[in-house]
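The transmembrane segment annotation in TrEMBL covers A:21-40, A:52-74, A:81-99, A:105-130, A:137-155, A:175-196, A:227-247, A:253-275, A:307-323.
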Amino acid sequence: MAAGSRPSQKPDRPIYAFLDRYATLIVLVLLILLNIAITPNFLSVQTLNVNLTQVCTIVIVAVGMTLVIATGGIDLSVGSLMAIAGALAPMIFMGKIFGIEHVGLAVGLAIILSVAVAGALGAFNGWLVATFHIQPIVATLVLFIAGRGIAQVMTNGNLQVFSVPEFQFIGLGRILGLPFQVIIMAVVVVWAAWMLRRTVFGRQILAIGGNEKAAELAGVPVGRVKIAVYAISGLLAGIAGLIVIAINSASDANLVGLGMELDAIAAVAVGGTLLSGGRASIWGTLLGALTIQIVRYTLLANGVPDAAAMVVKAAIIIAAVWIQRKARAS
Amino acid sequence: MIGMAGNRGLMGSYGVVVALMLVILFGWLRYDNFLSPFNVMSVLRYNSMFALVALGMCFVIMTEGIDLSVGANAAMSSVVAAHASHYGLVPGLAAGVGAGLVVGLLNGLIVTRLKIMPFIATLATMLAAGGMALLLSGNQSIPVSYATSFTWLGQGNLFGLPVPALIAAVAYVIGSVILNRTSAGRTVLAIGGNEEATRMMGLPVERTLMVTYIACGGLAGLAGVILAAQFGAGQPIEGKGWELFAIASVVVGGTLLTGGVGSVGATLAGVLLLGVLFTILNFENGKGWISLSAYWQSVIRGFFLLVVVLFQARLARKHAAQPAVSAT
């Protein structure tokens, strides 16, 4: 998998180093300027709201993905874990599992339990990776395949429709005019950025991704850190799953989180985090997700079909990763 | 070094053949008609598409790469083939395979020229091919021509065997010969073992990688042609998850994702194993003892993948503990 970097590179001009550092930000700013010029009503609160609410779940999942990738791993199961959390929560607050009268209690329990289950399944991924030394892509492939099936079996593939304002606050509610899920996203991003820079745990994550053997010899509890990182990825996927179903007022195990793993990985890659681990940027991931979102919005708002947007997204991923690779080779 | 690693792959591949035989034996003992010609034929016919995709994936993985674009590629190629099927069998086949080759070429260029990690490169082409599939089909399935003989490629029989299964069989024979009997096959394994060392040995690393990705794309295109021919329509949104199913088959067959090791035959056994499991589920439902919805299919496949992977992990560790014994 690590066939990307080759030492036999000609030195490049310093322009690439500058581009590497700020490429995503520059692209994002250019896109916004382009939109101000061509997209009608781009500079409106509504546009901002639409884009922020759409990008939230990708960012939340991508933050977990960034941490996993920073250890040199990958998590393909996030979309399936979203589906499981999204299937489980309505079953609890609609009283299919426990008969709880009090709405607040039922909703609270639904949120905590379903996110905890997603976290536990994430820890299971980490356990496979850490204990059996199974390659992360294979270890998480297990739950990628089985996870959605579990969610479908739980609901028998049926759509769960609900109208529970207390629960849907996490997707539709506002605090001080800000959508609640944007606040969740902000908290997750700030926490992860702080954790990665300022805590021992964050240092350990990067150390493992940089050189696992060396980290182990230096006394880093490699296994425990890995399990924790995959568990965090699972927890965040669970939260994202709940936000998705809260927005939709419905949970469809066939669709919740479908393809999310690829969106999240794309956001991480465009954001400049090395896929081989050892270097990570949470802010980069945020910018990466925003860039992909704005590209999609720009194309859609100007009447370009979603299918063509996918092709453009592909070109942007390649361009962003290529610039970063160039920069690092210099 | 390669010999030693190859041996480890072989140990894994015995496991999958034994598992496949046990599963077939279970089905034969438990269900009437399990080994009836009709059932065997339909299992072979349906799984031949996955077999073709998994074959290409196997070669890519042996170079320590990965190709996430195969599913979207097959979907796009099925649409192209459906459009071209009105001109006849050969144009339909050529157009579908050609579309697949283009995606493969793109993958090869991005990996070898831009030197972007295969995972990201093919993730991007997966998006692009998926988008192209929708654009070329206008978001709907494209019926193939029944006036020409195009559907023979998916629905026909030759010598009493399903045509797609024969196509897959020929592909596997060629794949096996290339891997085991040619210098190209050796180079593929050498790249997966140690790319830098292979380059220093003067072997054509870039060219081999190019050909591997192009071939993988072409095989995905061929699978797309069969998809269109078998179900009578080009399917722009089919093929989702095929890449991961193919990876699972390759892994179940004992090929390591770290490259340098692999077996074409065991990959085929891996495809059949996952396919037969699905058939068993259908038969079990038919007995009426239990009624498992189709959703159990993926749960059982995932569980099976887990068991095989854990088994391999144990095997690899045992092997690592006594490296001298099997170094032949």
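Heads up, the Cβ atoms here are built off N, Cα and C, so glycines get one too.
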Have the transmembrane segment (A:253-275) and the transmembrane segment (A:175-196) got at least three CB pairs under 8 Å, pairs 6 or more apart in sequence?
no
Check the transmembrane segment (A:227-247) against each of A:21-40, A:52-74, A:137-155, A:175-196 and return whichever range has the most CB pairs under 8 Å.
A:52-74
Return yes if the transmembrane segment (A:137-155) and the transmembrane segment (A:81-99) have at least 3 CB pairs under 8 Å (sequence gap of 6 or more), otherwise no.
yes
Among A:21-40, A:105-130, A:175-196, A:307-323, which stretch has the most Cβ pairs under 8 Å to the transmembrane segment (A:52-74)?
A:175-196
Checking distant contacts: for the transmembrane segment (A:175-196), what same-chain residues at least six beyond its ends satisfy Cβ-Cβ under 8 A?
49, 52-53, 55-57, 59-60, 63, 66-67, 70, 169, 202, 205-206, 236, 239, 243, 246-247, 280, 282-283, 286
